[in-house]
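> Supplied in structure tokens, the structure appears directly below.
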Protein chains: 2
Amino acid sequence: MQDEKKAVILLSGGLDSTTVLAMAKDRGFACHCLSFRYGQRQELELEKAQHIARHFGASHLILRVDLDIIGGSALTTGAAVPKDRPMNTVGQDIPATYVPGRNIIFLAHALAWAEVLGADDIFLGINAMDYSGYPDCRPEFLEAFARMASLGTRAGVQGRAFRFHAPLQYLSKKEIIVRGLALGVDYSMTHSCYDPVDGRACGHCDACRLRLKGFAEAGAQDPAPYAS
Amino acid sequence: MQDEKKAVILLSGGLDSTTVLAMAKDRGFACHCLSFRYGQRQELELEKAQHIARHFGASHLILRVDLDIIGGSALTTGAAVPKDRPMNTVGQDIPATYVPGRNIIFLAHALAWAEVLGADDIFLGINAMDYSGYPDCRPEFLEAFARMASLGTRAGVQGRAFRFHAPLQYLSKKEIIVRGLALGVDYSMTHSCYDPVDGRACGHCDACRLRLKGFAEAGAQDPAPYAS
């Protein structure tokens, strides 16, 4: 165990980041999970994240980020979450749930923690397929972030290269679920919904619809509880 | 006033960032100042920042950043601040006061707020001369950050270019003070010390020594209160 390489995993408690954690664990990394309290509508996803990290034997840190004070998004300002949008519009525009700077702020914290831990590897569940609408989920963004990280940290200047892994980058939701199920991920632990009802997924927001479509295409049943 | 361009200013309450605020104001920007509560040893610099922002008629936002939870630096962990180091070593190595990811996290928040405000300009007081030891104060870092920002935000993708201004980048402390005095900055409002005693600067940490040397070279008296 003494030479086990450390990795920082951005863990939201959702399907994607939980699959990424399983992938990092499968590759032999000692996993350090990072979640954020940023004015989400509910604490549910943080509870899920805590449970998931424990399940995978990973350390877990929850940091406060004042995205709600900065404002500007449906996820933090109380604006209505879009429901039952035609599926062909999902992933086309920049969604109302885009939060200015969110992934940049999250990655900046992950980088800082990685530098403190002595971890060179940072994993995150961004995805170019379903979430092409989010500028901060695109591969070219991540490459630019990695370059900035190597120039802006002591570790980078001293020659340590931070590696940002986005193993879901080119996978469809179906493919993500197939990989996760092959790694034994219990998706009943995970939470994706933007607008849950009494702790159960709404089934109608973009996140729920993408998830349900993915399970259907993977020929599997989503074990998570749904309100309708 | 309706066409006044907005700018976000990273304001620590120190000599450098206060000079930057005066410069941005002088250039006609409507200034929105951003400070951080990140486990500093004292609240003194935030009080100073608040006072300074008010003095300049700027809006002011203080955000919480959990740098103290991430750990890893003399500024946030309670390790001893170096005192009376030979001046030729200051700015050579990466100092003990380097905080992993600090400027990256601060800039990420500034970028998010700029996107929400509709500001294209972000000002910060980084400096390549006195602080060459900090990787996240170098011009090449800032260029890489700007490129990442243009790729990772809606505003950037939609063609808005964020401009990161570091007007002190190539100035010595003496030159910064000369410019600030010419703009009428009252430096008694500002705070630079890493280790103040009863609200007064220690006079012996790297920050105090650089500041005092700058005032001496500028042929001016530092109006800030010193403990010794």
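Cβ coordinates are placed from backbone N, Cα and C, and glycine is handled just like the others.
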> Taking B:CYS137, B:CYS193 as the options, which does TrEMBL list with B:CYS202, B:CYS205, B:CYS208 at the Zn(2+) site?
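It is B:CYS193, as the record lists it for that site.
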> Could you check the binding-site residues B:LEU15, B:LEU21, B:CYS193, B:CYS202, B:CYS205 and say which one's CB has the fewest neighbouring CB atoms inside 10 Å?
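With the binding-site residues B:LEU15, B:LEU21, B:CYS193, B:CYS202, B:CYS205, fewest surrounding Cβ atoms within 10 Å: B:CYS202.
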> Which residues of the same chain, at least 6 positions away in sequence, have a Cβ lying under 8 Å from the Cβ of B:SER17 (ATP binding site)?
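When sequence neighbours closer than 6 are ignored, B:SER17 (ATP binding site) has B:ILE9, B:LEU10, B:LEU11, B:LEU124, B:GLY125 within Cβ distance under 8 Å.
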> Any idea what the Cα distance is from B:CYS193 (Zn(2+) binding site) over to B:LEU21 (ATP binding site), rounded to a whole Å?
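That comes out at 19 Å between the alpha carbons.
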> Specify the count of other C-beta atoms within 10 Å of the C-beta of B:CYS208 (Zn(2+) binding site).
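A count of 25.
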> So how many other Cβ atoms are close to B:LEU11 (ATP binding site), meaning within 10 Å of its Cβ?
32
> Calculate the distance in Å between the alpha carbons (Cα) of B:CYS208 (Zn(2+) binding site) and B:LEU15 (ATP binding site), and round it to a whole number.
11
> Have a look around B:THR19 (ATP binding site) and count the other CB atoms within 10 A of its CB, chains all included.
24
